[in-house]
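Novice: If you scroll down you'll find the structure; I have some questions about it.
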Amino acid sequence: MEKDLKFTASHEWVRENGDGTVTVGISNHAQGLLGDVVFVDLPDVDDEVTAGENFSLVESVKAASDIYAPISGVIVEINEELEDSPELVNEEPYEGGWIARIKLSDDGDLENLIPGDQYLESIEEE
């Protein structure tokens, strides 16, 4: 796992891209709990998202799980590869399995996220 990632309590990860956007996906822990991912309901480009509200859905052989926006902003890109290869969420949760890129509407949202080392400690306690 990359050290620059930040997380939410609901297991989404965020990578700052350095251009006012962030890339969002679900953590390795989350994909492990879900099992084999068979479908990802992607948001639409230009959709506005609000921190804490669901913006995507990941379906696995075990369950369907809402994915919550870790920050508020506008979807600027979606990972269309997931339409044909949803298993990327399992195989490469921090690389090829990203879900969307979001243009931040409030940089302050990033301060509410959990640093990677603290996130790892929290899931070890579960």
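Positions of Cβ are set from backbone N, Cα and C atoms, glycine also.
Under the heading domain 'Lipoyl-binding', Swiss-Prot lists 21-103. As annotated by Swiss-Prot, N6-lipoyllysine applies to Lys62, with the evidence given as sequence analysis.
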Novice: Within 10 Å of the Cβ of Lys62 (N6-lipoyllysine), how many other Cβ atoms can be counted across all chains shown?
Specialist: 12
Novice: For the domain 'Lipoyl-binding' (21-103), what are the DSSP-based totals of helix, strand and coil residues?
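Specialist: Helix/strand/coil tally for the domain 'Lipoyl-binding' (21-103): 15 helix, 35 strand, 33 coil.
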